[in-house]
Amino acid sequence: MWRRLLSSSASCGFSPLVAGSKIKHYHFQGVRPYLEGDLIQEWLVSSFLKTKEYQLYSRNPAKNEFKLLSLPEPVEELYKSQAILSFEFESTYTAGKREKINHNQPLKFQKLQAEKNIKLIQTSRGGQITYHGPGQCVIYPILDLSLFKKLTSKCYVSTIEKTMKAVLQNRFGISTITNENTGIWIDDNLKISSIGCNVRRWITSHGISVNVNPDLKFMNDEDLVICGLPGKRQTSIKEQLQCKDTDLDLFEVATIFSDKLANKLGVSDVEHYKVEKRFNNTNVNELKNLFFS
């Protein structure tokens with residue numbers, strides 16, 4: 001989805017700048033529409049950005065009085081808490097910044113949606129076309145990189161990649177590699193995990209997905225080039241373990257990932273939540289009770 005931003009041998013060292021930093025992991029249970037997950041992450045990212053804006057204007061309150069009045073009161077929780085969201089989505093193809101859905105490609109995408117009955121959605125993440133669906137664990141770390149010492153966007157991408165590699169190796173005994181194409185691979189032609197991130201004013205969104213036990217036919221369709229990499233194939237944890245058990249736990253995968261990422265970030269306080277409630281445009285403001293209560 002993204003070309004590699006730095007070599008796997010690059011060294012990234014960082015630590016939280018705020019005492020008492022914690023990470024809260026929210027796993028949204030059940031198979032959900034992709035747009036619900038996007039709504040949730042965009043609401044949280046917006047809250048982070050408004051808090052940063054309030055901090056900026058507060059440095060000179062006399063000059064910025066009217067701007068401060070137009071902003072909501074800052075959420076104290078955002079000064080020291082970071083969030084990780086995890087989802088299992090309905091079957092959806094998403095296009096990143098390098099694959100724009102426009103009038104030059106109507107036949108390609110009309111065929112895609114008509115034959116497969118799967119939505120195609122433009123997103124703000126990096127990369128090209130990718131697939132999300134049941135059996136795939138999608139993880140969105142929503143972090144303020146400026147609250148960590150020396151945590152650049154390049155180091156961040158490398159860190160979530162290394163974190164997922166550790167999950168696959170330590171929990172499932174699956175050895176993986178990295179190459180010139182961002183993502184996690186079994187070998188140069190077989191991909192198990194994809195990365196596509198976005199960073200706005202140091203706030204991260206989107207993130208990483210790992211194929212746990214999805215239907216691989218949607219990713220390995222010869223009519224569709226996933227991640228802009230022709231001739232490559234997607235695999236899964238289930239396929240690599242050659243197991244018949246389809247009840248691999250996505251919450252467990254996301255929980256292990258969150259714990260390991262927190263450790264790499266130097267954060268020792270991690271909380272995990274399972275969320276059953278569904279969200280849409282009519283109740284999106286109830287997310288405040290979920291994240292900040």
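Placed from the backbone N, Cα and C atoms, the Cβ positions cover glycine too.
Noted in TrEMBL for the protein shown:
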DOMAIN    78-269  domain 'BPL/LPL catalytic'
BINDING   ARG125, GLY126, GLY127, GLN128, ILE129, THR130, TYR131, HIS132, SER194, ILE195, GLY196, GLY207, ILE208, SER209  substrate binding site
SITE      LYS191  site 'Lowers pKa of active site Cys'
ACT_SITE  CYS227  active site, acyl-thioester intermediate
Predicted model, mean pLDDT over the domain 'BPL/LPL catalytic' (78-269): 85
LYS191 (site 'Lowers pKa of active site Cys') to TYR131 (substrate binding site) - Cα separation in whole Å: 13
Among ILE129, ILE208, which are binding-site residues, the residue with the most C-beta atoms within 10 angstroms of its C-beta: ILE208
DSSP three-state assignment (helix, strand or coil) for ILE208 (substrate binding site): strand
Number of Cβ atoms other than its own within 10 Å, given for GLY196 (substrate binding site): 25
